[in-house]
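What TrEMBL annotates here:
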- 27-481: domain 'Major facilitator superfamily (MFS) profile' (DOMAIN)
- 23-43: transmembrane segment (TRANSMEM)
- 82-105: transmembrane segment (TRANSMEM)
- 112-132: transmembrane segment (TRANSMEM)
- 138-159: transmembrane segment (TRANSMEM)
- 171-192: transmembrane segment (TRANSMEM)
- 204-223: transmembrane segment (TRANSMEM)
- 286-308: transmembrane segment (TRANSMEM)
- 320-339: transmembrane segment (TRANSMEM)
- 351-376: transmembrane segment (TRANSMEM)
- 388-415: transmembrane segment (TRANSMEM)
- 427-447: transmembrane segment (TRANSMEM)
- 453-477: transmembrane segment (TRANSMEM)
Amino acid sequence: MAGGNFIAADEGGSEYPGKLTRYVALTCIMAAMGGLIFGYDIGVSGGVTSMDPFLKLFFPSVYRKEALDISTNQYCKFDSQLLTLFTSSLYVAALIASFVASFVSKKYGRKVTMFLGGLFFLFGAVINAAAVHISMLILGRILLGVGVGFANQSVPIYLSEIAPYKYRGRFNVLFQLAITFGILIANIVNFLTNKISAGWGWRVSLGGAAMPALAILISSFFLDDTPSSLIQRGKSEEAEQLLKKIRGVDNVDAELKDLVEASEASNKVEHPWKVLLRVRKYKPQLILSTLIPTFQQLTGINVVMFYAPVLFETLGFKANASLMSAVITGAVNVGATFISVHCTDRYGRKVLLLTGGVLMCVFQALVAGLIGWKFGTTGMVATVLPQSYAIVVVLCICVFVAAFAFSWGPLGWLIPSEISPLEVRSAAQSVTVSMNMLFTFAVAQVFLKVLCWMKFGLFIFFAAFVFIMTLFVYFYVPETKNIPIEEMSRVWREHWYWKNYMDEQSPAKEVV
C-alpha cells in the first residue's frame, strides 16, 4: 500500500551486540545540552520585545504605537520591520554558518563543532546584554546565530551516531527536549525580569543566554567524538576502543566493519555537496532534508513560541499576563516532549507525526476562529477580554504546542539526522539546518506584517500547511524505527516510491 509503508524494522539487516550503558546515556544527555541555546533564544526574543524599557530604548516608534495609541488596530500594533529584524537576523547568520559548520564537522569532528557553537553563542550573549545601540543588538544576534548554526549542525548528528540504534530516537529527542527547556527557562526569566522596576531586566534576559552557552562549552570538554567521525578522520583504533566503551561489550566487529565500509565509501566522495545534489540515489535524502525542516517551520510553531508574549498581548492580555501565558505554553512544550522520548522508539516516528499533524491542524483552525470571532477583520476590541475567552485561547494554543512537541518538534530534527549515509551526512544536515533557519527567518521577518494584513486568516494559512504536510508524511516519509544508521538504505529500497531512485552505481562515478 502506498501510504502505509510501516517497515518491520527488526527483520533483516545486522543485529549489533551491545547494551545501553550509563556512559552513553550520560554522553547523550550532555551533548543534547546544545539544544538549550536554540531554545533559550526562541523563548527570550518575544519576551524582551514586549518589555517597555527595551522598546523605549531601541524601538521608540513601536513603543509609542503600542503603549500610547489606544486606537491602534490590534493586529498591527507591533508591526515594525526593524523590530522583526532584531529577532530574525539570528536565523540568517545561522543559515550561513551551517554551511561552514558542515566542513568543520567533517574535517575536525562533531565535538569541535559543538564547542565552537557554544563559544560564538557566549560572545553574542555578552554583547547583547551590554548593548547601548541597535547595531550592538544586531551584532550580538549575528554571533548568537553562528552559535546556533554550529550547534544545530553537530548535535543531532552526534546523538544519532553515538546512540545504540534501538535507542537512537529516544536519545536524539533529548535535543528537542533541551530546546523546550531552553524556551521554558527563557519564559520564566522574562516573567521575573519584567518585574524589575529599574528597567534593566531585559539585559538580564538577553545576558542569560550565556548560561546555556557555558553548558555546551563545558559539556564539549568531557565528550568523546563519535566512532563514525573518528573513522572518517583516520582514527580507526581509537574508534574501536570507543565503540567497546559505549556499547559495553568487546565484540564490536560487526558494527565496526559497517562503520569502516561507510567511511571508505565516504572517502571516495571528494565533493559531498555535488554528490548530494546531483546523484539520483541521494534524492530521497535531499528531498526529505529539505522538506521536513521547511514543514516544521510552516506549522506556525515559532510564531507561537518566540512571539507568544507579543501574541498574547495583541489578544488583549496585560503585559505580565502575556508573559505568564508564555510560561504556561513553555511548560506544556516541555511536558509533551517527554511523550516523544517515551514513544519514538516504541511506536515509531510516523505514528507520532500523523497524530501530531491532525491535532495541530484542528487546534490551529480553532485559534483562527477564536481570534476572528473576537477581533473580526478590523482588529478593534475592548481593552478587557472575558476570562473565559482568555482561558479557551490559551487552552487551544497549549494543545497545539503539545501536539507539535511530541511530533514535528523532535522528529523534525531526528529524521533528517538519521536517514543519510556517512558520505553525505554532514552536507544533508547542513541542508536541514539551513532550510530550518531560512524559513524561521522568513516567518519571523514577515509574521507581524502578515498578521496585520491577513489578520486571523494567518492561522488558517498555517493550518492548511499542517494538513498538506500530514498527507506528505503518510505517503512519502518511511519508518526508520530500530534500523542501524549505516543500514538506512533499506528503508528507501523497500518504500513504494523512493525505491525508484535506488541503484548500486558508485556516487563517485556518477559525478563528473
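Glycine is treated like the rest: Cβ placed from N, Cα and C.
Those TrEMBL annotations? Automatic predictions, nothing curated.
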State, in range form, which of 112-132, 204-223, 351-376, 427-447 has the highest count of Cβ pairs under 8 Å to the transmembrane segment (82-105).
427-447
PLDDT averaged over the residues of the domain 'Major facilitator superfamily (MFS) profile' (27-481):
85
Mind checking which residues reach the transmembrane segment (171-192)? Cβ under 8 Å, same chain, six or more beyond either end.
25, 28-29, 32-44, 47-48, 51, 155-156, 159-160, 163, 201, 204-205, 208, 212, 305, 308-309, 320, 323-324, 326-327, 329-331, 333-334, 337-338, 340-341, 344, 405, 409-411, 413-414, 417-418
Sort out for me which stretch, of 23-43, 112-132, 138-159, 320-339, 388-415, has the most Cβ pairs below 8 angstroms to the transmembrane segment (204-223).
112-132
